[in-house]
Amino acid sequence: MKLFGTDGVRGKAGNFLTAELALRLAMAAGVYFRKNSLTNMILVGKDTRRSGYMIETAIVAGLTSVGFNVRQIGPMPTPAVAFLTEDMRCDAGIMISASHNPYYDNGIKFFDRTGFKLDEKEEAEIEKIYFSDKIINEARKQMMEIGTAKRVDDVIGRYIVHIKNSFPRSETLHNLRVVIDTANGASYKVAPTIFKELGAETIVLANEPNGKNINENCGALFPQNLANEVRRLRADVGFAFDGDADRLVVVDENGEIIHGDILLGILASYLKESGELANDKIVATVMSNKALDDFLAKIGISVIRTNVGDKFVLEKMREIGSNFGGEQSGHVIFGSFAKTGDGIVSALQFSACMIKMHKKSSEISKMIKPYPQILRNLKIKNKKPLDKIKGLDEFEKNIQKDGIRTLFRYSGTENLIRLLLEGKNEKLLNKKMDEAEEFFSKALND
């Protein structure tokens, strides 16, 4: 059985993600982090899911049983856990969250002492320890070697100060009316506080978590309520976060959702203009629209692409010395302020952009026009490796001759292949997509 997926360990709470699994996983992680331990302390945060109590208790039991002292900070955004792990000099950080998933799912993700998510190799080490009864049994402590646990309630202030420092000191939000949707999630206290302290007239939606309403018809995946409220209240802009606040969706004053690639492009150009973009390079994923590349090329910024997943974006940023990157889905990483996607930082930077440019949010969004894209999910019987599909290379080259960008990839969880075509001629795109569906239906349903 494989534990780790693309973003830590995730599954249905009480089914796959049981208290027993969480306890043993915490023990395995404790054994792994023991090798380079400096403070014998691990930070644990969570979002607002009901199952968080069960999983947190199990993790605390697992960590203390192998001798670690634990600091529990309660509901806080994922980027807050990353920041506080380093700021409080902990050996590691653990976030209990399933991000944008429904309340009945939950997850566990790990951060090293510097606040970076573990890479695949490090996760594989923890998984190896998890499945070794010998290592787990030998790691158990007794008597005074057993660790302690302490709930820490005053860390929210540290994170708020840190986030406010990402906003230009010469500016204020006094002239902005902002609507915020916290998805009944981890940012329900932090986000409104930050915007109010910076002077914005702040209206807050979905900030009454009850354990099961996280992401429920609200937040980054359901921004329509936010859009309606922005229009009704004649606000300047709306910001929607997901359950753990590492993702952002922006709504303009007309209630229109701003495309994720437009957000990346505008923020990158703002950093460049401010003299804060490192190496004139940003990182995006293979899903990002080519219009992003073309817009940024005009102002001397290169776009380097990587696989889907904010973890891969950050790895590539570190590799090429960039301090900015993100995904079309709303994960935006400001490397100078955060070690992971941070929706609140991104919202503040967009607000600063509006103020500095003296433009409405809708005017900013019109600076980039994404090329038409068609995405279809095709049900298939088998997932033959793409490089083994006869005739695929030739088929792709024929499509690309017409100026169309192609991306074909399998779903990680279902028997689906995702077909993405992008180009300037929508009629031609539809024709080529029909051809692509026919090609893959024959190739993968034999």
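The backbone N, Cα and C atoms fix where each Cβ goes, and this holds for glycine too.
Since this is a predicted model, take the numbers as computed values, not measurements.
Annotated in Swiss-Prot:
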- Ser99: active site, phosphoserine intermediate (ACT_SITE)
- Ser99, Asp242, Asp244, Asp246: Mg(2+) binding site (BINDING)
- Ser99: phosphoserine (MOD_RES)
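Cα of Asp246 (Mg(2+) binding site) to Cα of Ser99 (active site, phosphoserine intermediate): a span of 8 Å. Same-chain neighbours of the Mg(2+) site beyond Ser99, Asp242, Asp244, Asp246, judged by a C-beta within 8 angstroms of the site's C-beta center, are, in sequence order, Asp47, Pro77, Thr78, Ser97, His100, Gly185, Ala186, Ala220, Phe241, Gly243, Ala245, Arg247, Gly341, Gly343. Within 10 Å of the C-beta of Asp244 (Mg(2+) binding site) we count 36 further C-beta atoms, all protein chains included.
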